[in-house]
Amino acid sequence: MCIRDRIWLDEATADALDHAGHPVDRMSECDLVVSIGGDGTLLFAARGADEAPVMGVNLGEVGFLNATPPEEAVATVEREVERIATKGQPRTRAVPRLRATNDGETLPPALNEIVVQGRRGPGGGADVAVEVDGASYLDGHADGVLVATPTGSTAYNLSEGGPLIHPTVDALVVTEMCADETMPPLVVDADEIVVRVTNAPEAVVVGDGRTRETIEPPAEVTIDRAPEPLRIAGPPLEFFSALDKLD
């Protein structure tokens, strides 16, 4: 069978090309998912890919997740397809994901960060208390709390004043958002982070800026690593080269 007869397109792309398409959540059935765009596009593709490996072709400005430049895309995809044919799987690196659980409900895994926050705007925020593996880390009023992976340390976490973490470091970062009395961001090798939210009419738990769950304080959100990491296919990421593009 010709390889092009085994290629799926997502519905939006297929519609633009007048071609048959498949829902993104069926991409988990594929041997390789290719995301063409910026890091946000890969985050979207990763939700549908689940445990299927994802290769990012970078059309964005930075590309911390997309290691393949457009001019090398065809050759790189061909190499990985050949590896699948001969070895059963492409070359991949595992990237940790986070999950958030509240009252028995769990959000889909997040690759970058989980944010727990009160209502935005004047008079918003919430009282938040954070425990790291059972030990108290902070307790006060803030817009919210952000827990990020090393991958996510370059995204929302960075804009909130959090530190960068090299992708090979096995750690999480906890960053307060606009707190009355700010604690320094914490980089920690933790199994579980618990965020308790009180003194607010409502709050939300947001994963990667895309999945959202409204919670009613007082509420407790448990954040830990998802059982299955995302598998990113293709060449290794040039982390420090990508940092140069942050300017």
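Each residue, glycine too, has its Cβ placed from N, Cα and C.
What TrEMBL records for D39 is active site, proton acceptor. Of all Cβ atoms in the protein chains displayed, 23 besides its own lie within 10 Å of the Cβ of D39 (active site, proton acceptor).
Per TrEMBL, NAD(+) binding site is recorded for D39, G40, N112, E113, H141, D143, T154, A155, Y156, N157, L158, S159. According to its DSSP assignment, N112 (NAD(+) binding site) is coil.
Of all the binding-site residues listed (N112, T154), T154 has the fewest other CB atoms within 10 A of its CB. H141 (NAD(+) binding site) counts 17 other C-beta atoms within 10 Å of its own C-beta, drawing on all protein chains shown.
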